Amino acid sequence: MNPWEIEDSGISEESVIQNGNRMFCGNGFMGYRGTVDEADKSSMTGLIVNGIYDRQGDKWREPVNFPNPLFIQLSFEGQPLTLKSDSLNSHVQKLNFRYGIFSRKTLWNCNGAELTVESERFLSMSEKNILCLRYKITSNKDITLGIIQKIDEEVYDANGPHFKIEKKSDVGEGKCGEILMCRTLEKQLPFAVARISDFCSDTITLKAAVPQIITVYAAVFTNLDENNSPMAPVPVEQFASISVLQAEKAGWETLLQNHKKAWDKIWEDGDVVIEGDEEARLAQKNLRYSLYHLQSIAPRGRKALSIPARGLSAQTYKGAVFWDTELFIFPYFLYTQPELACEFIEYRIKTLEGAKRKAAAYGYEGAFYAWESQEDGDDACSDYNVTDVFTKRPVRTYFRDKQIHINAAIVYCICQYVEVTGDTLILQEGGLEVIFECAKFYISRCIYMPLKDRYEVHDVIGPDEYHERVNNNAYTNKMILFTLQKAVEFAEQQTETSPSPASHSFTKYIPLAKDICKKLYIPSPNAQGLIPQFDSYFDMEDCSLETVRSRLLDPKEYWGGANGVASHTQIIKQADTIVMLNLFDKDYDSAVLNANYDYYNPRTEHGSSLSACMYGMVACKTGRLKDAEEFYKKTSCVDISGNSKQWAGLIYIGGTHPAAQGGSWMMVVYGFCGFSIRENKIQIKQNLPAAWKKVSFTAMVGKEKYQVNVTREGYELCRK
Ligand code: BGC
């Protein structure tokens with residue numbers, strides 16, 4: 001069994017959709033779902049390019065699903081050969097996640113002839129606009145088949161259509177292929193998709209046991225691509241045509257070797273090696289699978305892009321960027337490829353104007369970042385994010401209006417970046433402005449309570465989305481405090497050294513910011529050491545998860561909002577106070593960590609894939625190794641097992657889960673290895689599972705790159 005491979009032979013509708021996610025291939029510029037070559041929109045095929053969105057009418061804005069240039073379908077006696085055909089004998093598909101290579105082997109029985117299709121595809125990691133497919137057909141008897149090869153323009157859309165085709169043309173140089181010149185509907189963004197095949201007929205006559213191999217090269221270009229100069233943009237179709245012809249000239253073998261070399265380079269620093277027995281090998285596989293997914297969606301090929309909450313795997317969650325990136329995904333890149341981590345910050349700098357528009361629209365100062373952010377930073381989160389299963393009516397949710405903790409996650413991330421890399425340039429290039437604008441928003445959002453002589457923060461939603469519009473969410477308040485402290489610190493430093501225009505804009509807020517820092521109410525532990533998630537949390541009905549679940553009348557019912565089964569109970573969706581205790585563990589003693597872990601864990605549905613890793617890390621910090629191992633399994637298996645939540649009310653929310661994948665890395669490195677940075681020095685407080693002998697990973701701190709080897713007995717740091 002290849003430790004870098006997963007396989008599946010499911011052909012049910014559900015398996016096809018799940019494998020679309022599980023066997024996803026991507027190179028950061030674009031992603032392609034793990035569907036078979038002949039799949040069409042009914043199988044939710046998908047080719048998503050990072051950062052390209054469109055809106056149809058008043059439906060949700062979402063990523064554009066591009067025309068599929070790798071479509072090949074065989075037919076026998078006029079009947080298409082698909083996974084649903086009666087003639088299907090067997091099917092297996094695989095993903096090699098060391099190199100992002102999808103493959104399949106499918107057998108059909110065509111009137112006594114056994115027909116085998118084997119194919120392999122990859123999205124080139126070295127040539128970001130190129131996709132390659134090799135398709136091999138073999139029959140044990142002479143046979144003639146029909147074959148359709150095309151750029152399939154009939155794409156799956158959740159809220160489409162999103163483009164029109166303006167022109168179809170030949171690919172040039174007499175090659176067999178085509179170019180589609182398209183334009184998105186809302187922003188009229190031009191893009192082109194090109195394809196060349198080395199087989200040109202619509203029938204194939206096979207001799208017994210003599211394989212026919214078809215190689216397809218495809219190219220996808222938008223006029224926003226990095227290699228297209230904004231000053232003198234080359235028409236995208238010209239780009240696509242040149243690139244696809246070049247790809248064809250380079251040939252499959254060369255492209256594959258370059259692609260593999262690029263992945264080898266990624267793994268040099270991006271890998272984490274877990275040594276030990278069988279269980280450790282499983283943990284290793286799950287971790288590498290998670291890291292593969294992160295690497296295949298990390299923005300490459302265009303500047304200042306981030307990672308959407310469902311990666312590039314689907315149109316779910318509107319292809320939007322959430323706090324997932326900053327708090328869950330960012331740490332892995334920070335220590336292994338800080339230049340990519342920096343892109344996430346650049347993305348927030350780029351979208352600051354959108355955040356300012358949002359703050360102003362609510363009547364606040366500064367910037368209020370989009371809960372669901374797309375290319376311009378305007379909020380894609382709609383007022384009605386859930387559909388009621390009973391009435392079929394949209395349910396008003398307040399995620400967009402009230403999850404103000406998003407700002408602090410961004411500030412936290414910038415501060416981490418500066419602390420770990422020592423790179424302060426990002427501050428001058430917009431980072432400071434982001435911090436100050438976020439702080440201004442919080443200053444205008446905090447309320448002074450004269451009778452209590454303290455500031456409070458009302459009407460928010462914390463990470464636990466089931467309880468909307470609460471007051472003094474402990475996590476939010478603590479993160480606001482962090483933001484304001486950092487803003488003051490940076491503003492004072494800047495005015496002392498080189499006053500930047502950004503710090504100047506914050507100077508007049510410093511006294512108020514300092515006052516809030518002194519008097520902001522941070523819910524503190526009660527006599528039992530428990531911190532209330534928000535005001536009156538402990539007064540809500542205290543029942544078990546099972547009781548709440550038993551009240552569901554429909555399995556797809558939404559648990560939160562005004563009438564949800566959890567809304568009026570202490571049952572929460574995901575880690576909330578525990579996120580706070582994890583980020584700020586040094587501010588609390590271990591009795592508080594223990595008490596809150598014991599209290600909140602049984603009351604948490606873990607209904608979000610962001611939950612397990614946070615509990616897992618606190619479990620490590622409090623010496624609950626068994627729990628931690630369970631949480632690790634949960635976070636690292638979300639996508640490899642496909643066992644994730646697929647519905648929120650009637651809305652499909654499937655796709656891949658980068659936050660849980662980033663959570664796998666955090667659990668291993670921060671959790672089991674107890675890795676942290678104190679005063680620029682690496683600290684290790686390991687607590688490895690019994691089956692693990694050693695964990696090795698790369699950590700870049702300042703200008704130094706270290707190989708960190710952690711065993712049960714100790715650890716070593718070697719310069720790399
Ligand atoms: C979670 C959020 C998360 C979002 C995207 C929601 O279900 O509650 O915390 O940011 O999914 O992953």
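The backbone N, Cα and C atoms fix where each Cβ goes, glycine too.
Annotated features, as they stand in TrEMBL:
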ACT_SITE  Glu465  active site, proton donor
BINDING   Trp323, Asp324, Lys573, Gln574  substrate binding site
DOMAIN    16-196  domain 'Glycoside hydrolase family 65 N-terminal'
DOMAIN    288-666  domain 'Glycoside hydrolase family 65 central catalytic'
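Annotated features, which come from TrEMBL, shown on the structure.
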residue : record                    : DSSP (3 states)
Trp323  : substrate binding site    : coil
Glu465  : active site, proton donor : coil
Lys573  : substrate binding site    : coil
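In terms of Cα distance, the binding-site residues that sit within 10 Å of Glu465 (active site, proton donor) are Lys573, chosen from Trp323, Asp324, Lys573.
For the recorded substrate site, residues Trp323, Asp324, Lys573, Gln574 set the reference point as the centre of their Cβ atoms, and the other residues of that chain within 8 Å of it by Cβ are Phe322, Pro463, Glu465, Ala575, Ser608, Leu610, Ser611, Ala659. If you compare every pair of Cα atoms in Trp323, Asp324, Lys573, Gln574, the residues listed for substrate, the longest distance is 16 angstrom.
Counting other Cβ atoms within 10 Å of each Cβ, the lowest count among the recorded positions Asp324, Glu465, Lys573 belongs to Lys573. Look at the Cβ of each of the binding-site residues Trp323, Gln574 and count the other Cβ atoms within 10 Å; the largest number goes with Trp323. Confidence over the domain 'Glycoside hydrolase family 65 N-terminal' (16-196), given as mean pLDDT on the 0 to 100 scale, stands at 97.
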